[in-house]
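Below you'll find the structure, written out as structure tokens, and then a few comments.
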Amino acid sequence: MSQKPTSHPYKPNMTQDELKALVGQAALPYVEPGSIVGVGTGSTVNKFIDALATMKDRIAGAVSSSVASTERLQAIGIKVFDATEVDELAVYIDGADEIDHAGYMIKGGGAALTREKIVAAQSRKFVCIADESKLVQTLGSFPLPVEVIPMAARRIARQFAALGGTATLRSKGGAESGEPLVTDNGQHILDVTGLKITDPLGFESQVNQWPGVVTVGVFAFQKAHVCLLGASDGVRTLVF
């Protein structure tokens, strides 16, 4: 991993929301004029979409990883293509719930992990945008999202228990609602705590082979190539 200094506007004591806007703006130079850009999901990506409005007439459009991002892109006048209409994307811009010093990530806090992984796989470069709190030594402190087919959820939870993890079915509107969250793909999400993921590649490969797992929120095979990190001294650029 190499690191480059910031070259983006910065002021001291920025809020987390301001840092998200800063890294969203910092991602714009990675967008090639005339291209179709891959766009992820989440609060930091929303700031990138807002910044992308300034160059909407210089790109051909976007491929989005969620219904929410599609609606936000269309609201500012950016054409959204279906992933099946595009063979390859130059760049994919998305956030992370955790990222380590090798560019491996945990993603899926916004429940869009499967589509995020699909769009990332179509892209030549993955640019992660995040604040410095997301940079970790070892993945696993953030609850690991796993998209599952509902009929397999209990069995998969037991498999995680055998690894030392505790899986909880994500609820729509919070745990008190009792109603399972349904993803854009019509599936459910397990959030798994108590894991230390020291071998992200091996872990992703292992869990993705369990029957009923749609995808696990470890992004090791689709790792970040660059991370723009909103830090106490501005934007740090990490290159993996």
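The backbone N, Cα and C atoms fix where each Cβ goes, and this holds for glycine too.
Copied over from Swiss-Prot, here are the features:
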type: BINDING; residues: Thr41, Gly42, Ser43, Thr44, Asp94, Gly95, Ala96, Asp97, Lys107, Gly108, Gly109, Gly110, Lys134; note: substrate binding site
type: ACT_SITE; residues: Glu116; note: active site, proton acceptor
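All features noted in Swiss-Prot, drawn onto the structure.
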residue	record	DSSP class
Thr41	substrate binding site	coil
Asp94	substrate binding site	strand
Lys107	substrate binding site	coil
Glu116	active site, proton acceptor	helix
Lys134	substrate binding site	helix
CA pair Glu116 (active site, proton acceptor) / Ser43 (substrate binding site), Å rounded to integer, equals 14
For the binding-site residues listed here (Thr41, Ser43), tell me which residue's CB has the most neighbouring CB atoms inside 10 Å. Thr41
Would you mind ranking the binding-site residues Lys107, Lys134 by how many other Cβ atoms sit within 10 Å of each Cβ and giving me the lowest? Lys134
